[in-house]
Amino acid sequence: MEAGDMDEATRAQFPLSFGKPSKVQTQTSAVHSSTRRTSAASASPNQSSRPEPGSRGSRDASGGLNGRGEEDDDGVMIGPPPPPPQANQAQPPDTDEEVMIGPPRPPLATKQVDSDDDGSDSGMDDSMEDLPRIPLSNEIVLRGHSKVVSALAVDHSGSRVLSGSYDYTVRMYDFQGMNSKLQSFRQLEPFEGHQVRSLSWSPTSDRFLCITGSAQAKIYDRDGLTLGEFIKGDMYIRDLKNTKGHISGLTGGEWNPKSKETILTSSEDGSLRIWDAADFKSQKQVIKPKLARPARIPVTACAWDRDGKRIVGGIGDGSIQIWSIKPGWGSRPDIHVEKAHADDITGLRFSTDGQILLSRSTDSTLKVWDLRQIKCPVRVFEDLPNHYSQTNVAFSPDEQLLFTGTSVEREGTSGGLLCFFDRRKLELVSRVGISPKCSVVCCAWHPRINQVFATVGDKKEGGTHILYDPSISQRGALVCVGRAPRKKSVDDFEVQPVIHNPHALPLFRDQPTRKRQREKALKDPLKSHKPELPVTGPGFGGRVGTSKGSLLTQYLLKQGGLIKETWMEEDPREAILKYADVAAKDPKYIAPAYAETQPEPVFTKSDSEEEEK
């Protein structure tokens, strides 16, 4: 063998490169194309059609732009996008050459608007540009619940999502460990037979609070392990301030945004309570709302402000009451708005500056309140159907938009929507269709990952929809969408062994002893039943009686004629005389003593016989 052939044979035994082989990267555009929403799914009257800042212009829809600012034949963008347009620059003459040499040509000069032209359109465009861009281009759904998802909580980093449902379970999702199958890594059932009504993360995201329909709130750690549950009060004590805990089902709860050891809960027993997360046996404060007359009216919703210094509660009589936490404070509210809503209040939310309060109710309205002038709402948004007691309202990260979900009506055709409103102008900005058949209950817009969450469901199914935009969203859904499920390798294959146990066969079993057989027979209710004693005389089936085991009434009815009432039809005189011959022939009692001296009785004839003659 020649030296060259030996070198090639030796080189073939070694790899061309060392280290971990690189994975084939999937194109991002191909991954997100499968999760893209249709244009019909989002009905935005003002925002869906306008180009967004930072986008690649209107020419992206028709074709790509090459590296020199020209379109490619295949419609694929090559190189960086062209620079933004600059004003007050002259346009150079067009050249016949297809290839541009040098820097890209500047855009057309902006035209001056005449003083006579109406500038309302430009003002509207400027105002629309000031609004935040809603991430709506793509969507994924976290499924797994069998009923409507009534609670939602996303931790502060945006990596873990909690969803609670009317099917009594809580599901935990982790974006970092989840693949494109979007399956939860843990499922909890806090209280058997009780709906999950609220979920809230602690400020450090190491624990979360679970509120169910029971009277006891539970705290779990980040991995879903139970840390404890708060004590339940005595339902026979009339004064709620003397009870150690809630005595009726909970309606809401929230962790203090600034204190990791303070928790607020509201209940159907008509009280709000502040708890210490480190002590499950006692409570810090009991708050009884102000009522027109003494009664137990449920508190349907509660919330903290951003600084954790004020508490707001929605009362069952439609009022909104706000308490300020300060030294010596009590149950008397600082702000009391009577008849704020005509029905139960389902959601309350403070603004960051603490001047605006949002309230959502089952009376199909969303009201905006200015806490500096709380007598009447600043704006009332109507025609927002709400059939769930957990429907909330939320702000966008910069609080320029406020949004809430709507419920599906029986004869409606719109389905479940997310309605966005402008906070400054107090007008509708966009309506986003989430589900055609299911109602939207809880919603949230996470500031770090810039993604919108919306929980939906009905009596048969439930899920959490996540809306995102690959160009402006970060992490979150983008991490797990492009992660394919792990392929099964040869090491994952397990052969199910066939186990042969000779002693399990009847042939090799040891015969049980008589003592064991006797003990087993005593435990058998049929074998150990004491037999009934035989009877002599009339009876049937071993039972004494002439009715043959049936009820006496049934026996008499079967015989027929024994219970027939004939005394109403026959003559009483004839009924007595038919026993005269028997009494004369066989006297038993009094007649034999007077047989010699007793005269022969003579009976008169019946009147009926004389009348017949």
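Each residue, glycine too, has its Cβ placed from N, Cα and C.
The region 'Disordered' annotation in TrEMBL covers 1-131 (among others).
Summarising the annotation, TrEMBL assigns compositional bias 'Acidic residues' to 115-129.
Residues or ranges marked as repeat 'WD' in TrEMBL: 142-176 (among others). If you look at the repeat 'WD' (142-176), the same-chain residues 6 or more away from its ends with a CB under 8 A from one of its CBs are 182-201, 203, 205, 208, 210-212, 222, 224, 388, 390, 438-439, 441-444, 446, 448-449, 451, 453, 455-464, 466, 475-477, 479-480.
Long-range contacts of the repeat 'WD' (243-285) within the same chain: residues 194, 197-198, 200-204, 207-209, 211-217, 219, 228-235, 237, 295-304, 306-308, 311, 313, 316, 389, each at least 6 residues beyond the stretch ends and with a Cβ under 8 Å from a Cβ of the stretch. Summarising the annotation, TrEMBL assigns repeat 'WD' to 243-285 (among others).
Distant neighbours of the repeat 'WD' (299-326): 251-254, 256-259, 262, 264-268, 270-272, 287, 289-292, 333-352, 354, 357, 359, 361, 369, 371, 389; these residues of the same chain sit at least 6 beyond its ends, with a Cβ under 8 Å from one of its Cβ atoms. Per TrEMBL, the feature repeat 'WD' maps to 299-326 (among others).
Residues or ranges marked as repeat 'WD' in TrEMBL: 338-372 (among others). Mean predicted confidence for the repeat 'WD' (338-372): the pLDDT average there is 93.
Summarising the annotation, TrEMBL assigns region 'Disordered' to 511-541 (among others).
The compositional bias 'Basic and acidic residues' feature in TrEMBL is assigned to 519-532.
Look at TrEMBL and you will find 593-613 (among others) tagged as region 'Disordered'.
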Under DSSP, the repeat 'WD' (299-326) has how many residues in helix, strand and coil? 0 helix, 17 strand, 11 coil
